[in-house]
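Enquirer: The structure's right below; bear with me while I get my questions together.
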Amino acid sequence: MTEKIQKTLRDSAGMRWMVLFFLAFAMFCSYIFMDILSPIKDLMQSTRGWDSTAFGTMQGSETFLNVFVFFLIFAGIILDKMGVRFTAVLSGAVMLVGATINWYAVTEMFQGSSLETWFNENLNYIPGFDELGISPFYLGMPASAKFAAIGFMIFGCGVEMAGITVSRGIVKWFKGHEMALAMGSEMALARLGVATCMIFSPVFAKMGGVIDVSRSVAFGVVLLMIALIMFIVYFFLDKKLDSQTGEAEEKDDPFKISDIGNILRSRGFWLVALLCVLYYSAIFPFQKYAVNMLQCNLTFTKLSPESFWAGNTVTVIQYVIMLIVAAAAFASNFSKGKTMKSVMQVVAVVALVIFCYMGYMRQSAETVFAVFPLLAVGITPILGNYVDHKGKAASMLVVGSLLLIACHLTFAFILPMFKGNAVGGIIVAYVTILVLGASFSLVPAALWPSVPKLVDAKIIGSAYALIFWIQNIGLWLFPLLIGKVLDQTNPQLVSDLKNGLISPEEAAMSYDYTVPLVMLACLGVAALILGFVLKIVDKKYGYRLEEPNITE
Ligand SMILES: C[C@H](N)C(=O)N[C@@H](CCCCN)C(=O)O
């Protein structure tokens, strides 16, 4: 008798990739919001009075509840107990609530309101947290930054919860299939989100010639509504899958809190978690300051408002070219024939060169930095595919860390030598940013798909949550530290600003970033050392990190 094989939704490649699209698109929207204020640090200073410390404190608040109230640990437990679809929708709703508060805080409506007065008079001292030096507020912090920080904290809970949920969702739908490629593609779309925000956030803020930073944030809020819809659609698909499989994974062997002990006893887990915090602390916090760092180091000529390059049409054209780079790189990864692959690669490279040229012609730091996530969009899926079929994840972590060190040192010491040399400076900036983008593809593409090799499937949600929690400590600390170090290593600038000798606009463009950049390079050195240790431990204990995910 022929046995009837029951096919489930995840056995269909089309269905799997459609599910991935919903999850990844939700992350795309979330990543746009995550960095929505990063390219307009100068405008936050000139229109809302946020100096570097206020900006850094507000940006760092994203991770505050996750780290100090252990929200991420709870999120992992919720995920392992309640499942992917419930947690996905919950995370979408939490992000939206936080983002809406954040938006209100930077609107004109908030200015002069009784809420502003309240925030000016309160939250200057948080017992316990202030003594430990970890308060998300301080005396003199602008009220709008304090309230925005509260919103960003709530958003941070949602976005990190979404991050672990999406990773677990991908493991659920793709294990045994193209898991690393799927994770790489999800991250690629997230990077496109960052590039989108680098380009469009300043456009929204400056629209119609009137500066209003809240328009940028409103744009992010609308996208988070779409993210929630994506998660709701995913909810129904995931429910259907569970009805087909009979929810075997959860029912047969339910998650227990004590399972977390198993994760914490794994040597491999700790090495990956520490490498993760060191590496990501040198990337994400940097991303929040990178545009300003370029503004301070590159020489831009002010374009007249009538100039073609200053207009919004060119922004849209540049964005379309960005999409062409992403689509061609992605298509080259999936093309079967050799000729088609090469054609796609040529299209991607040509479009990338045009993108860079336009960035230069537009004479703005945000359009130059937009190329950073773009390379990651193109190559993260390719590297994910490589991990699926060839392995070498631990080696990729080592190479990624090496590139990171080289880039931060170049920004610190070589880029400033080109101040005054507009073309030379832009070339150095582009090459360094592209190499950093390559590093930012290597490490994530190798790191996240390695986690299922280190822990049991039923505790994978908690394992991701613990890694995120450890990582979030760095993501909390370093934006704050960079802001403080910047103010402390630029004492003349800070005192001139205080005494009214320079305008906030001038100050925002004149910081010396050398010390913060060296600090980030040091993180890279520590990550590199851990990468080597991981390679040794992997060999000794047989985690199979260097082996492919798919055995052909
Ligand atoms: C910031 C966040 N905690 C993070 O680590 N993001 C990773 C992606 C993790 C996989 C998400 N499904 C990143 O590289 O962006």
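Using N, Cα and C of the backbone, Cβ positions are placed for all residues, glycine too.
So TrEMBL has the following annotated:
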TRANSMEM  20-40  transmembrane segment
TRANSMEM  60-79  transmembrane segment
TRANSMEM  86-106  transmembrane segment
TRANSMEM  147-167  transmembrane segment
TRANSMEM  188-205  transmembrane segment
TRANSMEM  217-237  transmembrane segment
TRANSMEM  268-287  transmembrane segment
TRANSMEM  343-361  transmembrane segment
TRANSMEM  394-415  transmembrane segment
TRANSMEM  427-447  transmembrane segment
TRANSMEM  459-482  transmembrane segment
TRANSMEM  513-534  transmembrane segment
Enquirer: Can you tell me which parts of the same chain pack against the transmembrane segment (147-167), counting only residues 6+ beyond its ends and a CB-CB cutoff under 8 A?
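Expert: Tertiary neighbours of the transmembrane segment (147-167) are 23-24, 26-27, 30, 33-34, 57-59, 61-66, 71-72, 75-76, 78-79, 84, 87-88, 90-106, 110, 115-116, 119, 136-137, 183, 186, 227, 231, 448, 451, 460-461, 464-465, 468, 472.
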Enquirer: Can you work out which residues elsewhere in the same chain, 6+ from the ends of the transmembrane segment (86-106), have a Cβ less than 8 Å from its Cβ atoms?
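Expert: 23, 26, 30, 33, 37, 44, 48, 75, 78-79, 144-148, 150-159, 161-162, 165-166, 169, 213-214, 217-218, 220-221, 224-225, 227-228, 230-232, 234-235, 238, 461.
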Enquirer: How about the transmembrane segment (394-415) and the transmembrane segment (343-361): do they have 3 or more C-beta pairs under 8 A, pairs 6 or more apart in sequence?
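Expert: Judged by the Cβ rule, the two regions do not touch, with the required three close pairs absent.
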Enquirer: I need to check the long-range neighbours of the transmembrane segment (60-79): which residues 6 or more away from its ends have a CB within less than 8 Å of a CB in the stretch?
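Expert: Counting only partners 6 or more residues beyond its ends, the transmembrane segment (60-79) has Cβ contacts under 8 Å with 34, 86-87, 90-91, 129, 134, 136, 149-150, 152-157, 159-161, 164-165, 168, 255, 257, 285, 461-466, 468-469, 472-473, 475-480, 483.
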Enquirer: May I ask whether the transmembrane segment (268-287) has at least three C-beta pairs under 8 Å with the transmembrane segment (513-534), counting pairs 6 or more apart in sequence?
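Expert: Taking Cβ pairs at least 6 residues apart, the transmembrane segment (268-287) and the transmembrane segment (513-534) are in contact, with 3 or more under 8 Å.
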Enquirer: Who are the long-range neighbours of the transmembrane segment (268-287) in its own chain, taking Cβ under 8 Å and residues 6 or more past its ends?
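Expert: Contacts with the transmembrane segment (268-287): 35, 38, 59-60, 194, 293, 372, 397, 400-401, 404, 408, 436, 440, 443, 447, 450-451, 453-455, 463, 466-467, 470-471, 473-475, 477-479, 481-482, 520-521, 523-524, 526-527, 530-531, 533-534, 537-538, 541, 543, 545.
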Enquirer: List, by number or range, the same-chain residues at least 6 past the transmembrane segment (20-40) whose CB is under 8 A from its CB atoms?
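Expert: Tertiary neighbours of the transmembrane segment (20-40) are 55, 58-59, 62, 88, 92, 95, 99, 106, 155, 158-159, 162-163, 166, 169-170, 173-174, 182, 185-186, 189-194, 196-198, 201-202, 205, 213, 216-217, 219-221, 223-224, 226-228, 230-231, 233-234, 237, 287-291, 365-366, 369.
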